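Trainee: Quick paste from Swiss-Prot:
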COMPBIAS  58-70  compositional bias 'Low complexity'
COMPBIAS  83-106  compositional bias 'Polar residues'
MOD_RES   28  phosphoserine
REGION    1-35  region 'Disordered'
REGION    48-106  region 'Disordered'
TRANSMEM  131-151  transmembrane segment
TRANSMEM  190-210  transmembrane segment
TRANSMEM  218-238  transmembrane segment
TRANSMEM  245-265  transmembrane segment
TRANSMEM  286-306  transmembrane segment
TRANSMEM  314-334  transmembrane segment
TRANSMEM  398-418  transmembrane segment
TRANSMEM  435-455  transmembrane segment
TRANSMEM  522-542  transmembrane segment
TRANSMEM  546-566  transmembrane segment
TRANSMEM  583-603  transmembrane segment
TRANSMEM  614-634  transmembrane segment
């Protein structure tokens with residue numbers, strides 16, 4: 001391979017449409033690549049010029065742009081290059097034989113001229129903010145049913161305890177404030193969440209793969225239809241309260257719709273499809289901010305209805321209406337973020353699973369780091385810059401991120417019992433219990449919209465100062481962040497800026513930029529877990545209303561960890577795997593939701609026997625401590641320098 005050829009050969013990354021994928025390589029400032037169009041070089045589709053990189057099968061070169069001059073067969077069998085971490089040259093190495101290499105370049109199905117990049121440009125120009133109204137509606141509807149569901153169960157169990165008709169009791173009747181009734185409510189509520197999450201575990205993975213093939217809109221429409229049916233059943237139950245276990249049918253309907261995880265994962269996939277790499281964490285943060293805003297307003301309204309109106313079923317009328325609005329928005333307004341014109345082979349993959357169990361486990365394959373290297377080719381479905389060696393080192397960030405997200409949900413299980421805890425220990429009613437949940441969600445929204453981007457910008461500046469002596473940040477593409485006030489401006493610009501501006505569509509990511517993004521998110525996550533641990537301890541020792549509200553506000557600041565961890569993981573995979581990664585995360589979330597209800601119900605019941613109901617918060621503190629330790633094992637995307 002000639003030196004001239006080395007200087008201009010495009011950097012290639014593995015792609016599912018390529019039979020023998022190339023090695024992922026460190027991009028250099030002179031040769032940036034289109035990560036979504038692996039066979040397009042800088043100066044071609046990335047810059048608007050539609051010339052393809054084709055090698056003629058007879059060994060001669062037909063490119064008049066000096067893109068790829070073919071060399072003889074003997075040059076491919078030259079002495080292998082030596083890799084060394086002290087050299088600054090960035091020469092790409094192909095492990096493919098000439099014939100197979102030519103076949104890759106001649107495969108027009110991979111990227112027919114600039115058609116591939118044109119499609120990526122189209123969906124990157126979609127604004128991730130289009131999903132925010134749906135995220136709000138989803139969270140608002142889920143938030144509204146939490147307080148009514150708890151007090152509906154409390155009313156029905158209290159009627160059984162006193163052998164009364166449920167209609168003779170008000171939802172917040174003081175005679176129902178007994179330890180055995182409170183623990184009974186926690187058990188039924190745990191069964192509700194576990195059943196829905198268990199069914200969601202099997203449906204979420206299937207919906208995730210379906211979303212990558214048929215598009216996000218179809219998945220959202222199907223899943224929300226099941227959620228609507230679940231709320232209609234709760235509406236019937238609130239009209240005529242029966243046995244508390246009748247509400248489990250609503251849990252089954254919601255589970256068939258993927259429960260909470262599928263809708264959230266599909267919404268996050270839309271954000272990942274349409275957002276640029278360096279803005280992805282902030283857009284995911286805005287997504288979570290909209291979610292927390294909905295969970296803030298929902299409990300407040302439902303708590304007011306339960307406490308000050310005689311009819312609890314008003315709540316479920318409202319939630320059913322909002323789900324209908326959600327469906328209309330998806331049908332009439334939301335654009336599709338993916339090109340759904342996939343091959344029949346891929347479409348058969350989603351319909352030809354031998355079992356539901358296999359469909360559940362299929363997306364989890366993306367979490368396992370795979371590196372298969374031979375003398376001819378290397379295949380990476382996950383990649384990092386460190387892994388560009390003959391040996392091919394695995395990187396575990398995606399799997400660790402899935403574990404962290406599931407543990408974070410598990411640690412948050414104590415917040416679900418907070419209304420029961422405050423009702424029993426402090427004598428709060430539905431309205432006050434809903435206010436503390438709303439406070440948590442409002443504080444989370446402010447954190448993710450304002451505090452998180454500013455903190456990220458400060459940490460990014462610190463990283464630049466600490467590591468500038470190593471030359472990691474001397475890249476011209478970073479010149480757009482010259483002012484220290486840019487972080488403040490970004491708070492507002494993130495609200496209106498689309499995921500990709502036309503001027504920067506498909507600009508390649510350099511090693512310096514990726515290193516900065518990942519290390520910044522790692523530091524944010526470490527800080528968030530430390531705050532979560534402290535807040536859980538404060539909740540456990542709180543003796544007054546003021547102390548409880550203060551601890552909840554501090555705990556809300558830690559909610560930035562989820563978008564940070566997701567951003568770390570998504571920066572470690574190719575963009576075409578975003579949907580599968582988030583679907584795999586949703587499976588882990590479903591597992592956490594399955595087990596956290598019974599775990600916290602058991603701990604709460606046992607601690608009530610010894611008059612220590614605050615043990616649930618100490619359990620959360622232990623879980624957050626484990627997360628704080630795990631985050632230190634996540635690897636960074638450091639540049640790998642080579643010499644010939």
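Each Cβ is built from the backbone N, Cα and C atoms, and glycine gets one as well.
Describe the structural context of these features.
Mentor: If one looks beyond the transmembrane segment (131-151) by at least 6 residues along the same chain, the residues whose Cβ comes under 8 Å of a Cβ in the stretch are 171-172, 185, 189, 192, 220, 224, 227, 231, 234, 238, 247, 260, 263-264, 267, 270-271, 286-287, 290-299, 301-303, 305-306, 312, 315-316, 318-319, 322-323, 325-326, 329-330, 334, 416, 419-420, 430, 433-434, 437, 441.
Sequence-distant contacts of the transmembrane segment (245-265), counting only residues of its own chain at least 6 positions beyond either end whose CB sits under 8 Å from a CB of the stretch, comprise 135, 138, 142, 149, 152-153, 188, 191-193, 195-200, 203-204, 207-208, 219-220, 222-227, 229-231, 233-234, 237, 291, 582-583, 585-587, 589-590, 593.
Beyond the ends of the transmembrane segment (286-306), by six or more residues, the same chain brings 128-129, 131-133, 135-148, 151, 171-172, 264, 267-268, 271, 312, 314-315, 318, 430-435, 437-442, 444-445, 447-449, 494-495, 556, 559, 562-563 to within a C-beta distance below 8 angstroms of the stretch.
Long-range Cβ contacts of the transmembrane segment (314-334) within its own chain (Cβ-Cβ under 8 Å, at least 6 residues beyond either end) map to 130-131, 133-134, 137-138, 140-141, 144-145, 148, 217, 220-221, 224-225, 227-228, 231-232, 234-235, 238, 301-302, 305-306.
If one looks beyond the transmembrane segment (398-418) by at least 6 residues along the same chain, the residues whose Cβ comes under 8 Å of a Cβ in the stretch are 146, 186, 189, 193, 366-369, 382, 433, 436-437, 440, 525, 532, 536, 539, 552, 555, 561-562, 565-566, 568-569, 572-573, 581, 584-585, 588-589, 591-593, 595-597, 599-600, 604, 616-617, 619-620, 623-624, 626-627, 630-631, 633-634.
Tertiary proximity for the transmembrane segment (546-566) is limited to same-chain residues at least six positions away from its ends with a CB under 8 Å from its CB atoms, namely 268, 281-282, 284-285, 287-288, 292, 401, 404-405, 408, 415, 418, 422, 426, 436, 439-444, 447-448, 451-452, 455, 521-522, 524-525, 528-529, 531-532, 534-536, 538-539, 582, 585, 624, 627, 631.
Using a Cβ-Cβ cut-off under 8 Å and counting only residues 6 or more beyond its ends in the same chain, the transmembrane segment (583-603) has close neighbours at 183, 186-187, 189-194, 196-198, 200-201, 204-205, 207-209, 211-212, 258-262, 264-265, 269, 360, 363-364, 366-367, 401-403, 405-407, 409-410, 413-414, 416-417, 566, 569, 615-616, 619.
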Trainee: Under an 8 Å Cβ to Cβ limit, what residues of the same chain, 6 or more beyond the ends of the transmembrane segment (435-455), are close to it?
Mentor: 143, 146-147, 282, 285-286, 288-290, 292-297, 299-300, 303, 415, 418-419, 422, 428, 487-488, 490-491, 494, 524, 527, 548-549, 552-553, 555-557, 559-560, 563
